[in-house]
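Student: Here's the feature list from Swiss-Prot:
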DOMAIN    5-68  domain 'J'
ZN_FING   135-217  zinc finger
REPEAT    148-155  repeat 'CXXCXGXG motif'
BINDING   148, 151, 205, 208  Zn(2+) 1 binding site
REPEAT    165-172  repeat 'CXXCXGXG motif'
BINDING   165, 168, 191, 194  Zn(2+) 2 binding site
REPEAT    191-198  repeat 'CXXCXGXG motif'
REPEAT    205-212  repeat 'CXXCXGXG motif'
């Protein structure tokens, strides 16, 4: 049976941020977990965990986006395994499902940093081409979670109503039996009753309704440095969610709107410059519009259309130049012939006189064609 698409299983788009994927997983995991839903489908619950295990890991997600279920799923060379399916009575499985899910989940229950990663906020920021090139101060608005001031993050109406979780006995984790090809294996996971805190509240705070956090609208000005490029991730420290009085980070994922007139290749910029054909013949100084304004360059006489010229150091700012000593990118422009301006009778007569001269390049090409048709 063909495996379902991981994005479809979690109900998210292929462009979903890590935060959106985490939120979708938590919602589905609670809804379909056997401890909370006695009629839960074990197969669906396994699919949900499998999908999240891949999509929550940037390397595995990239490989899945490229290869799908048939390709590698992000195993490191140290693991000694490569993804495979079949071979045991027609049962499809991935070796990572058997080993990785146990050890990864077990370790995450003891490693609070995995939990805290979910409190970072990821936003997509759209920039115009020149905003990215020159840098800009950008105002952004977004929602974040902060610790409820009324209950101080307990979720309870009264601090006395906060009790030790009876399911995990305050550990924040519980043991589950997982059935595999190798038998039943015990797996330590986050307690679903107290969500890993080890405590539950018998009453609900009147402000946060037991959620322990409240929403806050943030208006923030961020500085986008010159030379910011498509696909970059900018860190804004301590501007994410605030949970248990700990400030988490905001990540801005950059999208740059393409320019109509400039093309990027690394730090280099490419453009086209239109000149009068007469100027191309006689040569001289021409003006080139760059991202830094107008620059002048000198072209030789008889400059052909398509000739490329370079203006050194006039490309994208290299933000790492102070560290590695690398120069900025270069600016390249390709010559294009503009439609000639209207000429006077005397100018036309002068050009007609010149045009009667034999051009060896024209004759050479004509003779090549004649040779072809005379075969």
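From the backbone N, Cα and C atoms, a Cβ is placed for every residue, glycine too.
Map these features onto the structure and tell me what's around them.
Tutor: Mean pLDDT for the zinc finger (135-217) in the predicted structure: 87.
Residue 208 (Zn(2+) 1 binding site) falls within neither a helix nor a strand when secondary structure is assigned with DSSP, and so counts as coil.
Within its own chain, the repeat 'CXXCXGXG motif' (165-172) has Cβ neighbours under 8 Å at 109, 190-194, 196-200, counting only residues six or more beyond its boundaries.
Annotation for residue 168 (Zn(2+) 2 binding site): same-chain Cβ neighbours under 8 Å, separated by at least 6 residues, are 174, 191, 193, 194, 198.
For the repeat 'CXXCXGXG motif' (205-212), the list of distant contacts is 147-151, 153-157: same-chain residues at least six beyond its ends, Cβ to Cβ under 8 Å.
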Student: Using the alpha carbons only, what distance in Å do you get between residue 165 (Zn(2+) 2 binding site) and residue 208 (Zn(2+) 1 binding site) once rounded?
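Tutor: A Cα-Cα distance of 20 Å.
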Student: If you run through the zinc finger (135-217) with DSSP, how many residues end up as helix, strand and coil?
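Tutor: Helix, strand and coil residues of the zinc finger (135-217) number 3 helix, 39 strand, 41 coil.
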Student: Excluding 165, 168, 191, 194, which residues of the same chain place their Cβ within 8 Å of the centroid of the Cβ atoms of the recorded Zn(2+) 2 site?
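Tutor: Along the chain, the qualifying residues are 166, 167, 169, 170, 171, 172, 173, 174, 192, 193, 195, 196, 197, 198, 199, 200.
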Student: Starting from the Cβ of residue 208 (Zn(2+) 1 binding site), draw a 10 Å sphere and report how many other Cβ atoms land inside it.
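Tutor: By my count, 22.
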Student: By DSSP assignment, list the helix, strand and coil residue numbers for the domain 'J' (5-68), in that order.
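Tutor: The domain 'J' (5-68) comes out at 45 helix, 0 strand, 19 coil.
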Student: State the count of C-beta atoms found within 10 angstroms of the C-beta of residue 148 (Zn(2+) 1 binding site), not counting that atom itself.
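Tutor: I get 20 for this one.
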Student: For residue 151 (Zn(2+) 1 binding site), which residues of its chain lie six or more apart in sequence with Cβ-Cβ distance below 8 Å?
Tutor: 157, 159, 205, 207, 208, 212
